[in-house]
Amino acid sequence: MAQKFTILFTILLVVIAAQDVMAQDATLTKLFQQYDPVCHKPCSTQDDCSGGTFCQACWRFAGTCGPYVGRAMAIGV
């Protein structure tokens, strides 16, 4: 039973890491931003970016909508 949990946990970590790497890929980011009108739109709260498919995070320091990546995904920007 413990081995099954270990295998499932390892698979989960690999999937999370792969998703994080893919989200940081510049080509993929540019492709999504090209088709998401919310990207780089000025915002002050998360609700301002809620209509986006890829750029759903309000980056406070930039004041624009952007994607959740890396640490920002964990802390909710």
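In case you wondered, yes, glycine gets a Cβ from its N, Cα and C as well.
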Residue from Gln24, Gln33, Gln56 to which Swiss-Prot assigns pyrrolidone carboxylic acid: Gln33
Per Swiss-Prot, the disulfide partner of Cys55, chosen from Cys39, Cys43: Cys39
Under 8 Å by Cβ from Cys43 (disulfide bond), counting only residues of that chain that are 6 or more apart: Cys49, Cys58, Trp59, Gly63, Thr64, Cys65
Candidate with sparsest Cβ neighbourhood (10 Å radius) among Cys39, Cys55, Cys65, the listed disulfide-bonded residues: Cys39
Rounded Cα-Cα span from Val69 (site 'Interaction with carboxypeptidase') to Cys55 (disulfide bond), Å: 10
